[in-house]
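**Q** Checked Swiss-Prot, it gives:
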- 1-105: topological domain 'Cytoplasmic' (TOPO_DOM)
- 15: phosphoserine (MOD_RES)
- 16: phosphoserine (MOD_RES)
- 24: phosphoserine (MOD_RES)
- 25-38: compositional bias 'Polar residues' (COMPBIAS)
- 26: phosphoserine (MOD_RES)
- 28: phosphoserine (MOD_RES)
- 44-60: compositional bias 'Low complexity' (COMPBIAS)
- 106-126: transmembrane segment (TRANSMEM)
- 127-145: topological domain 'Extracellular' (TOPO_DOM)
- 146-166: transmembrane segment (TRANSMEM)
- 167-172: topological domain 'Cytoplasmic' (TOPO_DOM)
- 173-197: transmembrane segment (TRANSMEM)
- 225-254: transmembrane segment (TRANSMEM)
- 255-274: topological domain 'Cytoplasmic' (TOPO_DOM)
- 275-295: transmembrane segment (TRANSMEM)
- 296-311: topological domain 'Extracellular' (TOPO_DOM)
- 312-336: transmembrane segment (TRANSMEM)
- 337-377: topological domain 'Cytoplasmic' (TOPO_DOM)
- 378-399: transmembrane segment (TRANSMEM)
- 400-419: topological domain 'Extracellular' (TOPO_DOM)
- 420-443: transmembrane segment (TRANSMEM)
- 444-447: topological domain 'Cytoplasmic' (TOPO_DOM)
- 448-471: transmembrane segment (TRANSMEM)
- 472-580: topological domain 'Extracellular' (TOPO_DOM)
- 495-549: domain 'Kazal-like' (DOMAIN)
- 581-603: transmembrane segment (TRANSMEM)
- 604-612: topological domain 'Cytoplasmic' (TOPO_DOM)
- 613-638: transmembrane segment (TRANSMEM)
- 639-672: topological domain 'Extracellular' (TOPO_DOM)
- 673-690: transmembrane segment (TRANSMEM)
- 691-724: topological domain 'Cytoplasmic' (TOPO_DOM)
């Protein structure tokens, strides 16, 4: 119902516990006296507001006898339009049983479900599938790094516009749009599985030494698999469009709906759930990788998960996420523009904005014409920009490790892809979630100010920097590999898989099937010079190998059998995996403990009306300088440590087969330490520059609160009069 006093929503205006105190004075007097307390604002108001107020003759409340003047009407309508509270439902459908969802806790639950779904896909399933996608579609790590960065490119391009226009719009419905785009992106990402045909194992070729072998032809279908790169990029772009409203408008909506001291706890919980998503994604993806990629062919194939040619069903998780994401569209669209009680909560908040950015016009940012000025205003806030650069440096390494940690563990410690992904998820996800929750809890528990939250983040980053040298503490040496790091019993040259012992075998470089013999790994049984095999044994064993001198004997209940090589990689002798996992787990905790405090600091150091835009700028810069180049830099860095590339029948270089473990460890620790130092520098500089607003500066924020309080008083008074 709309009147001269504004918009009334009597059913959903929360009754104030101090209503009698607020009704003891005229509402108009409350507003005018609050506005006139600031000399600068007083000079800018119409003449009617500058007239001295006559003393009240009666303390009894009375309704205004005349319509408010133009200035008061504008201020009142502005405040009411900002806090349109309503019931939970769709159009005229508002069941009473669903109104329990119409609370900050109810919204947080739905927010967490969407954040979990987004985390499952973007930071869980995508990361755990990278190694499989590399092999299936013959891509380099730099190309799969581009796939990971495509999400951030989309986020970066849209964040400013979504955050600016969404701040004035219906935020929950923006999140319904986010759920739709996340589901669509997950669906598109799975499409290459259905159009790329059946996975070819290459079993038509003999894996043993054959002196007469037919030459293989180069088919265009093999080399064209990498063209599916563009489909993966499209899926990531759609996922980025869905993630943009979630972490800008969703975070601002949570901050709107709860008191200041609870904001960090709610935001920390939401961010922790966004990290729980990757945990589920890693576990789910790890289990799905134990299913053969072509599910219908799984029972008929004779290879096992230990076979290097094995590829898991990476695509199933994306289809499940598509269904779950779309199931959240309707629940989000049922939320009102603001939750009941938001206006009263906002009336009790105090500004902590950086002094140079505290005196923004209350009506600023309501028009598209204000966008350039709003952007310039935030870019001139030195504290805000330092915090943004700090998070960008941190995001570079966190995104890089989230993408390539399973690959690092797989190659450093000689594990299977699925087990390495499970271990990576077991370290990354619980550590990140625990860090987010601890950070938010400590900020809320001790009610830290803006400056104290920045100091807390600086401390946690320092601890993480100290422990980042774990890659040097727990690195593993390179395992012996014939023709790469080890010669063929003193013959042949390093860097050449062909030696005198296998020169007549006509081995195929495109057929990678490692075997282990005498503690040395060989590219395939053919390159080991093996001419015979026993297929019924698991694992498959080979004998009459010209490149292997010493035989290995195995005894079973039925027979004693001598062989020279067995299928699979050699067992690693490095026992530093537990040390690495424990120390890296602590590094992750302290790294993510700074996440919530920095977000809270950003929300506090800018003007109240520019928080969504501030988050949009943060995520744009964070992705431009952090999460977009992060996986690409890590991909090129890891590729630079490759010592044996896969080359197909057409002579095209594919995925890397063998890495230099020592060089990889040193390169990764160099990136980590550099980024940590940059993070701490900008964080410390923000602390040095920050100037909390003096008490007089807070008046501009309290003037808005006075108007909101006045509106609440009038609504409560009208309700009493109508009920009477």
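Placed from the backbone N, Cα and C atoms, the Cβ positions cover glycine too.
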**Q** When you look at the transmembrane segment (613-638) alongside the transmembrane segment (225-254), do they share 3+ Cβ pairs under 8 Å, ignoring any pair fewer than 6 residues apart in sequence?
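**A** Yes, the transmembrane segment (225-254) and the transmembrane segment (613-638) are in contact.
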**Q** Sort out for me which stretch, of 106-126, 448-471, 581-603, has the most Cβ pairs below 8 angstroms to the transmembrane segment (378-399).
**A** 581-603
**Q** Of the listed stretches 275-295, 312-336, 613-638, 673-690, which one has the most C-beta pairs under 8 A with the transmembrane segment (448-471)?
**A** 673-690
**Q** Could you tell me whether the transmembrane segment (673-690) and the transmembrane segment (106-126) are in contact, taking contact to mean 3+ Cβ pairs under 8 Å with a sequence separation of 6 or more?
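**A** Not in contact, no.
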**Q** What are the DSSP helix, strand and coil residue counts for the topological domain 'Extracellular' (400-419)?
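**A** Helix, strand, coil within the topological domain 'Extracellular' (400-419): 17 helix, 0 strand, 3 coil.
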**Q** Going through 275-295, 312-336, 581-603, 613-638, 673-690 one by one, which has the most CB pairs that fall under 8 Å from the transmembrane segment (420-443)?
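**A** Of the candidates 275-295, 312-336, 581-603, 613-638, 673-690, 581-603 scores highest.
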**Q** If we skip the immediate neighbours and take only residues 6+ beyond the ends of the transmembrane segment (581-603), which ones have a Cβ under 8 Å from one of its Cβ atoms?
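**A** For the transmembrane segment (581-603), the far contacts come to 251-252, 255, 263-264, 267-268, 271, 275, 384, 387-388, 390-391, 394, 398, 423, 426-428, 430-436, 438-440, 442-443, 448, 450, 453-454, 456-458, 460-461, 463-464, 467-468, 470, 473-474, 611, 614-615, 618, 683, 686.
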**Q** Residues sitting near the topological domain 'Cytoplasmic' (167-172): Cβ under 8 Å, six or more positions beyond its termini, same chain?
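**A** Apart from its flanks, the topological domain 'Cytoplasmic' (167-172) reaches 107, 245, 249-250, 252-253, 332-337, 365-366, 609, 611-613.
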**Q** Counting only residues 6+ away from its ends, which parts of the chain sit with a Cβ under 8 Å from the topological domain 'Cytoplasmic' (255-274)?
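**A** Same-chain residues near the topological domain 'Cytoplasmic' (255-274) but 6 or more away: 104, 107-108, 111-112, 115-116, 118-119, 247, 338-339, 341-342, 345-346, 348-350, 433-434, 436-437, 439-441, 443-444, 447-448, 453, 595-597, 599-600, 603, 611.
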**Q** Using DSSP, how many residues in the topological domain 'Cytoplasmic' (167-172) fall into helix, strand and coil?
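**A** The composition, in the requested order, is 4 helix, 0 strand, 2 coil.
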**Q** Please indicate, using numbers and ranges, the residues of the same chain that are 6 or more beyond the topological domain 'Extracellular' (400-419) and have a C-beta under 8 Å from a C-beta there.
**A** 123, 127-128, 130-132, 141, 145, 148, 278, 286-287, 289-290, 305-306, 312, 425, 427-428, 475-476, 479, 569-572, 574, 576-577, 580, 630-631, 633-635, 638, 658-659, 661, 664-665, 668, 671
**Q** Residues sitting near the topological domain 'Cytoplasmic' (444-447): Cβ under 8 Å, six or more positions beyond its termini, same chain?
**A** 261-265, 268
